[in-house]
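Structure, as structure tokens:
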Amino acid sequence: MSVCQTPIIVALDYPTRDAALKLADQLDPKLCRVKVGKELFTSCAAEIVGTLRDKGFEVFLDLKFHDIPNTTAMAVKAAAEMGVWMVNVHCSGGLRMMTACREVLEQRSGPKPLLIGVTVLTSMEREDLAGIGLDIEPQEQVLRLAALAQKAGLDGLVCSALEAQALKTAHPSLQLVTPGIRPAGSAQDDQRRILTPRQALDAGSDYLVIGRPISQAADPAKALADVVAEIA
């Protein structure tokens, strides 16, 4: 049974172990999970995951694996062996890649992390997609990739809250993980397709990834408590 009682995932977007753990020590594992991304993982490797788990946190390993099917599946297997709660892959890697990842987790006898697909990054708008040869709205590409993820048997998707309602309608069994969440009054930063925590949950999101509004707050514990109160 999960120790965390909320849908909040706090992004530990730091370059060093000490900085990440300084924030983690101010947070309550009952009120949030934590996300380890590329910068922190590249700096600290698997040790940071073990340390966070020892502190009671469930860990979302946000490395967005994208490679040939076997290589990606072996990376997902390695993540599972670390004991992470959630791991993600890019849906644009295709059906065979995602299926291979799901199958390697099914072969495990122990706990299995949630396998989540990344659709379109929340920083991308139509002009960004056009730059890589896709002259369509982000939501159209999200729905295309979501259908592939569903077919491959993934547990859920990373998506903008603005796509959550359409995705829940089309794929109600998929769990939706939403970055780009900004509590009312927060700076937008480099996220483009964003909503507040309450708006995101109402739209169909299951988990909310929140970074700078908590990590850069003068009092991160209070900032987290404020978000918990907002969505209560």
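Counting begins at 1 with the first residue displayed.
Placement of Cβ uses the backbone N, Cα and C atoms for every residue, glycine included.
Counting Cβ atoms from all protein chains shown, Lys64 (active site, proton donor) has 17 others lying within 10 Å of its own Cβ. What Swiss-Prot lists as active site, proton donor is Lys64, and the listing cites sequence analysis.
Annotated substrate binding site per Swiss-Prot: Asp13, Lys35, 62-71, Thr122, Arg182, Gln191, 211-212, in sequence order, evidence recorded as sequence analysis. Mapped onto three states, the DSSP output places Lys64 (active site, proton donor) in strand.
Neighbour count (other Cβ atoms within 10 Å of the Cβ, all protein chains): 17 for His66 (substrate binding site).
Residue pair Lys64 (active site, proton donor) / Thr122 (substrate binding site) shows a Cα separation of 14 Å.
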